[in-house]
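Q: Dumping what Swiss-Prot says about this protein:
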type: ACT_SITE; residues: Arg106; note: active site
type: ACT_SITE; residues: Glu109; note: active site
type: ACT_SITE; residues: Ser132; note: active site
Amino acid sequence: MAEQRQNLASLDSSIIDRLPAYSATLFDAKTQKRLTFESIAAHLGRSEVAVAAIFYGQARASPEDAEKLSRLLGLSAESPIAAQMMGFPDRGRAGPMPPVEPLIYRLYEVVQNYGYAFKAVMNEKLGDGIMSAICFNSKVEKEVDETGAAWVVITLKGKWLPFSRF
């Protein structure tokens, strides 16, 4: 029986100049240790998406996250990386707009094509407001249909924030 190769996400060198300096170190250690975001998330007690966001500098690590992640990746206790991961993120600058990476562009295209439809349905169900991306969580799952085709299921769960009247 053939050995199944593990898929590992790595850092795209074309965006490295848009990311925090620690991102490259985290990705290098992740690759050397052959760790998936799923396995790192299990170790940290966080979601895969949240952990990946820390690697890309789009989410802030808690002191516990930074300690566990540094230990798991074998980073020096004297390294400034833990403190950097706990700093305030500069969100939304990781890639160009519109996106050029095909998968990210497809997600952008989903919002372009269905954004107003999502908004209309949310407004009908919840009233005038917005979905929080702060009080938020997300997960990515794989489903296989009856024909054997793989499908991706992306869940975006955000707190509903009604607009206030003033």
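FYI, residue positions are counted from 1 along the chain as it appears here.
Note: Cβ is positioned from N, Cα and C throughout, glycine not excepted.
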Q: Whole-number answer please: how many Å between the C-alpha atoms of Arg106 (active site) and Ser132 (active site)?
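A: Approximately 22 Å lies between the Cα of Arg106 (active site) and that of Ser132 (active site).
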Q: For Arg106 (active site), what is the secondary structure by DSSP, using just helix, strand and coil?
A: helix
Q: Could you check what DSSP calls Ser132 (active site) once collapsed to helix, strand or coil?
A: strand
Q: What is the interatomic distance between the Cα atoms of Glu109 (active site) and Ser132 (active site), given in whole Å?
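A: Just about 20 Å between their Cα atoms.
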Q: Among all protein chains shown, how many Cβ atoms are found within 10 Å of the Cβ of Ser132 (active site), not counting that one?
A: 12
